[in-house]
Structures are given as structure tokens and as C-alpha cells.
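Right, one structure below, let's go through it.
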């Protein structure tokens, strides 16, 4: 049993009294319930099995109680009994639980007839029950105001408050017994006990507060406002300048009424005012009142998604007050906003803005600012912008959302010459309507003095000590300005290789990767988020088996890298050996020159030549392993640690547009960027994503609108290259020479919901194909037309574009090296590509690469859509990031359930109980269950096939997460082999089900009659028919945000 030092823990009885927590009473209550249910005599000893059961349940309840007390929660007797009841059900003891509930109801009725309650005489002559919890609450408010506590009250302070409350209650009882007592007398006792305990400052503030309240009751407001009603509780609020004012609940009701005006049928301003008022205290700061209001709205999002817009409205109004000095209700808001924008830009050098922004026509730009677009944001979007994206000066935010979008747009149009005002307005209208969003580094830095706008950097590390540390130093510089990094380490010699200069033996690549890991965590991204990188190693490297274990939680910490990502760079030959159950040879790179640069049939020829040198004794440092054994170890580590990710070397190179000027040696932090890198070039890519949701009209893609969006987006991405601040000369050289950009998408799952298409269907596959083809068509065309205006990129001559290849054409090249049976890719198309081919032949291309689908974790949160091409993770879950925790309900699901009359508190409890899944909720129709399958309920083949259809059109890669609901080695192997055969170039995270789930202790299992899943004989999900497409598979047995 959990040992409890009882003097340190108190709980609250039903009459409000604080008493010591006594775990023996839980055991005794459980014993009584068991004896009653099992008809056991009180005098007879308990059977051993029952005694053990009672002890186990007591242990679990005590553990939960202590956890809640340690978090600063006030635990009541009722709450403990709820926990006991819940644990009885979880333990399968429903009969005991029922008797326990009956016993509780009887005791409740008996208590209702009791008359031994002290009465308080209020100031208006009325009476109320004496409640010590109100004393405790008043004390806590006084302590918080005096000690200037923000956030949760520290446990030590709560303990002091509990002790004081006990002494005050004892005084009240000893002085008055069961007689009625005046409220003023209780407050006198509170003052006395504060002084006796030595809390003089708290007592002083408490006395001043009582005097202020007395004056407010005695006098009318001097400005002619209505008199404070004595019965209405008020709080003293401290303004930033030190002055104070009194706040009533009716004041909060007015604030919430304004915020809720757009949603009168779905939101309740009175409810929010009640909730917010409960969290106030005397002496509270003005910004804490705003926080309490926002938290009240935020707490209701899970049951009604419209509260996300209420919370956003409240935060936006607070932002206006901070930035503009007026609230959202000010009739002159628009004019104040325009004036502030112009002053902000004109004084921008003081605020780290690019001084060239002053050269714009600020009057014209200010007229375009549209504050009504702020209403598009949900709470998560505004909070993300507020916490990390808006420009700050001495702790004060200088931007509203619309000024932020305009600052970014102005920064992106600086190279547009005489047309820069036109393009700044055009860019603003695109960004502020959520049609397209640049990646986070661009949002951070566009229009700023140091305009580092690029998302991804890829570099290779040479087998030379000075170059190793140069790359590590470069990593620090790149990460400082919010870039995500991919490092190729394959060229560094393996453990045991001879160092010719010293005649010593190399320690291999692992110690150097450890140094890179420590550098990544030492440099955070512009002070706004953690630095992030991914290291790549080909799986023929002799240190590869050690590389597999870099993310393990056990072993030598000097050979562990817990803070960076790892990825395997795998040639096709390995999978061919795996298919034939052949052997695989590991080499030190210094013994096999040219192997890392080779791919396809050339790699196979060279690799086999080196294997013959092993047999002849020319190469002595090597290791032979069974390909199948190594593959199992790769998958085992992937499942255990989430790393190394699986990426495919040959399709990344064979299908590369730039095969004439180098080799793709690795991918980036999020595995979607595939660019050449070398000792003289650090590959750079600039990212942005189209919001598909804004391009659906009449239940189909609006092709004309999408064409316009893509054309402007490609222009923005190309501008980034010329406007960018380059931390290293190698990055500048690569970006200006090849001008790679990565246009992606987000909101794919949202669109499927709007079109009533299940992700697990052929319809989703076809839509993925159609959508990707349209985007590729207009993206390539836009880059070519931009070449007409601005000229081709420097290394265009000899590229695949120049040789007449489009991305779709390169699949045939992959088939030539792999064999058609290993390239199971649909190559159909619907559009006539002749105009695109003719335009490229005539004008060339402005950008070497044009498309890549990044994860978009952050920017999709800003605009309120699902990430990238990801399926819905859960229909109700809590998301954590640097801005805090956010409850995420699936608004599309709730809308459907409302239409069917099924959305209620019970359904919300069901969603929590079943961890955000619908499959076992009996009253949800099967057609909705199929439409709203979560990521772990969709067979991986569907996700892979949808991605395969995209990948055929995309010239770089797709950041693709894969999901595995249960540990299954064969299924895991088949999943990745299918991805390889389906032509994917890379994969990203392997997501597995978390061991934890939604908090269920507040769910009344008995009342709702939920049958726990462990008691089910037949799942409600067994009647669902999910369309599945047969895919040939092998039968072998068994978070960065730079791209976001």
C-alpha cells in the first residue's frame, strides 16, 4: 500500500471541513462493501483473495488521490468515493460497486435530514451554510495577490492555507458552537489568525480589501454608474500602471456576450462568465482576468467546437489592447489599426524590421488590411501566432494578425521593383485568406533585418576532421536562424579503420554524431523553438548496426543521441538481397571509394566488385550479415525507438531532375526534400503549402482558383531565394545555382470529410491522384512561365527538364533498374500535358525542383486544418506544443453527429472512453464509422497507395507517417516493403498506439452502462465493411518544425 504521511495531506468533507487524509478508511469502506455483497459476517476473517483485492484497489485509489493532491487539487470525500467506484468497475467487481452506490445514496439521504450545520448571517440579513472551503478560497486569493503568484498555487502555499483554514474553523466552532455567526465575525477571525501565524503582509492586504469592499457597498460610483449590489461578489483588479478597479460578474458577462455574438445558438456567455469568475481572486492582475476568460472558453471546446472561436475572439481582443491600446469593441478600431501599422513600419528599424519596408506606399497597404479576416482563426491559430510569430519589443507584441500577414508579404515582395506594392497586396490577400501559407522560417523572418526564410538545409560530411567540425559549426549557424538540417555521414570511415596520418585506429562515425547531437540542443532556433536535425547513414556502412541503436534508452550514453533524428539511406540492392534471402556486406567507406555516390545498376556493379575484393582478401575490414537478420533489426529498432526512419536512395536519385550535376546523398529533417549536396554546396529548399480546404467549391476542386494560388505561391517561393539571408556561403551557392522550391499541401483529410470520402477507399486514392496531378501541372507551368520572365536557373542545361523528362516520365527509368515487378506504380494521367512540355521546351524552368509535401504541423494549426496529407489521428485528443495543450475535437464529426441528433454529453464521454475512436460506439451509424476512421484504423496500404499516386507527380518527396495499431513484425515488414515497391522515395515517423489514454475518472460507467472493451464478446465494429485493395507484399516472417 502507498504510505502516506497523514499530517501533510488534507481532504474536504461534505460540510466543507478540512480533515487529514486517512487511507485506512478507504480499506475499511471497501471491506464493508465486500462483506455486505458476499454476505460475510463482520467477525469472520476475510478470505485471502478478497483481502488482496481490497488492498490492490485501495493502493490504486490512494495513488490517484496523492497524485491529485500533489498537483494542487482540492480532493473531496465525494471525489475519493468516485475513484473507489471507478476502480471497482475497472477491476470487474460490478456487484460490489452496485452495493457501494446504494450505500452512498442511503448515506446521502441521511445527511440530508441532519440539522447540525452552522448558519452564517449575511450582510443583507439572509443566511447561508457555513462553508470552510470559502475561507480557504479567500485565503488563497489573498496569498496569491500578496505573493504575486502566477499560474498554479505552489503546494507549499496550499499546505499553509489548509493549516490556517483548520485553525480558523476551530476558532469558529469553539466560539460559536452551533449558533449562527455573522460574516464580519468570521472575517475578524481570519485577520487574527493571519497575524498570529506571522503573515502580516497578507493580513494587511486582506484588511485593505475589506475596507475597499465596504466603501463600494456604501457609495455609488462617482461617474454615475449603477451601484454595486451588496450581494454581488466583486474582485479588486490591478491594472498595469498600478491602479485598481472592482470587477463584477456582470462585467464578465458583457465581455463574453460580445465574444459570443457570432454563435448565439451554440455558445453560452452566462456559463463562461460563471466559469471565469470562479478563477478570480482579489488583487488579480488585469491580464490574468483575460487568461481566466480564455481558459473558460477553451475548457468548453471539446463539447462545442464554436468555443474555439470565442477563445480566439477573446485573445484577439486582448492582443488589440496590447498592440493598439484599444479593444475589439472600439468603434474606431479600424482607423487606429491603420495608424499603428504605418507607425510600426516607419519606426521599424527600432523593432528589427528591414528598413526597406519604409519604401512601400504605406497608405495604400494600410487600406487593404482587413480585420474581419481575424475571425477566420480558431483559438489554436491565434495562440500559436501570439506565442511565437508576432514581433516583440521589450515584451510587448507589435503586430496584429493582419499586420503580421502584411509584414510577411512586404518582405516577400521587396525584389519586385516598381510592382512591389501590387505584389505585396497580392501576397497579403493570398496569405490572409488562408489559401497558401509559407513555412515557419519565412513567417518568422520575412520583412525582418535578418531574413532567413529557407526551411531545409542538407549537407554531407567528408572523411576529414576539419570538415567534420566545419559541418557541425555550420549546423549551429543554420539552426540559429530556424533552419531544419539533414546531415549525410556515410563518407566518415568506420570503427577500426586505419588513420594514415597517425597510424591509429578510427573510433568511427558514432562519436562525431554525438557531438552533432549536443550542438543541436545547444542552439535553439532564433530563441523560438528547439533546433532540429536528422542524420543519415547508408545501411552498408560498417558502423550501421551501432547507428541503429543511437536512440535506445539503454546502453553507453556516450554512444546515444536522444535529441536528433536518425534515418537509414537504403539502396535498392538491399531489398533485392532481402527478397532472395541473401547476404549483405558492411564496409568502411574509405575501403569502397565511389560507392556512396553510385546508385541504381552502377551501385550494384560496384558493390559486387567490392564484395569480390573481400573474398580475395583485398578488403579486410568488413562484416557479412544476412539481409533478413539486418532488416529485422532495422524494424525492431524502428518500432522500439521510432528510428532510424526508412528512406530509399535509388528512387531519390534515379528520379532526380538534377542527376547531371551531382548526387542526392540524404534527405532533410522531415524526409521530403531530395537535393544534391557536396562539400562545396549545402542544399537549400524553401517551402510553403496550399490549403486544399479553400479550393473546394460545389463538392469538387476549384481548378481555376487553385491555378491562381499556385502561380502566386511559386512566385513567392522563388522570391525567397533572392531575398534570403544565407548563414553559410555553401548554402548561398547551392540556392542561387539551383533555385529549388517545395510547394506542398495541407488539409487533405478535411477535404475528404467535406466530400464524404473515406480515407480507406479507392475514391480517396483517385482524389489524391487527381488533386496531385492538377497541382503538379500548374506548379511546373508556373515555374516555366516565371523562367520566361526571369530566366532559367543556372544549372538548367542538361537537367531532366532540359532533356524532356517530367516527373511522371521518370518512373520508367526506375523500372529499368529495379524491374517492373518491383515498381507497382499507377502511371495513368487525366490532363493533357502537351502545353506544359511545350512551355518548358520554349522557356525552360526557373526552379530545379518545384514540389515537396512537408508535414505542416505548425502552419496547419495556425489556419485550422489537418496536417499535410495525414489522416485524422483521433477524433478527440490533447495536442501539446510550445504554446501549451489544446483540446482537438473533430469538428466535421461533431457536425455530422449534430445533424443526426447524436451529439451530447454522453457521446463526448464515449469518445473519451474509447480513446477518440468511433468503432465501438454502438449508436453511431456504420457509414459514419467508415468515413471517420482514425489513422490507426486505416490499413496502411491505403495511406501508401494515396502517397504513391502523389509521388508519381512530385519531383521531390512526401513526408509520410505510417501507423501501426499493434506490434506485428510481419505487418511492419510488409508495410515498408509495400512503400518501396509503390515507388515512395522516403518515409517519416512510424506511429504506434500510446500506452496512455484519455482521462476517464470523471466518466460515470454505472450511469451510462458502457461495457468496457475487455468485457466485449463482439465489437460493434465487426459489421463495418471497409473496402480493401489487394497489394502484393513480401511474406517474410517476423516533431522540428522547420518544414512546418
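Note that Cβ sites are derived from N, Cα and C of the backbone, with glycine treated the same way.
Annotated in Swiss-Prot:
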DOMAIN    9-111  domain 'ATP-cone 1'
DOMAIN    118-217  domain 'ATP-cone 2'
DISULFID  456-685  disulfide bond
SITE      456  site 'Important for hydrogen atom transfer'
SITE      463  site 'Allosteric effector binding'
SITE      493  site 'Allosteric effector binding'
ACT_SITE  668  active site, proton acceptor
ACT_SITE  670  active site, cysteine radical intermediate
ACT_SITE  672  active site, proton acceptor
SITE      685  site 'Important for hydrogen atom transfer'
SITE      988  site 'Important for electron transfer'
SITE      989  site 'Important for electron transfer'
SITE      1040  site 'Interacts with thioredoxin/glutaredoxin'
SITE      1043  site 'Interacts with thioredoxin/glutaredoxin'
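Under DSSP, residue 456 (disulfide bond) is assigned to a strand (E or B) in the three-state scheme. According to DSSP, the domain 'ATP-cone 2' (118-217) comprises 70 helix, 8 strand, 22 coil. All protein chains shown were included, and the count of other CB atoms within 10 Å of the CB of residue 685 (disulfide bond) stands at 31. Residue 988 (site 'Important for electron transfer') sits 11 Å from residue 668 (active site, proton acceptor), taking the CA atoms of both as reference points. Rounded to a whole number, the C-alpha distance linking residue 463 (site 'Allosteric effector binding') with residue 668 (active site, proton acceptor) is 20 angstrom.
Residue pair residue 493 (site 'Allosteric effector binding') / residue 672 (active site, proton acceptor) shows a Cα separation of 27 Å. For the pair residue 672 (active site, proton acceptor) and residue 685 (disulfide bond), the C-alpha distance works out to 10 angstrom. When the recorded positions 456, 670 are compared by the number of other C-beta atoms lying within 10 angstroms of their own C-beta, 456 comes out lowest.
Look at the recorded positions 463, 672 and count other Cβ atoms within 10 Å of each Cβ; 463 has the fewest. Here the candidates are the recorded positions 456, 685, 989. The one whose C-alpha lies nearest to that of residue 668 (active site, proton acceptor) is 456. Taking a C-beta cut-off of under 8 angstroms and a sequence separation of 6 or more, residue 989 (site 'Important for electron transfer') has the following same-chain neighbours: 642, 645, 961, 962.
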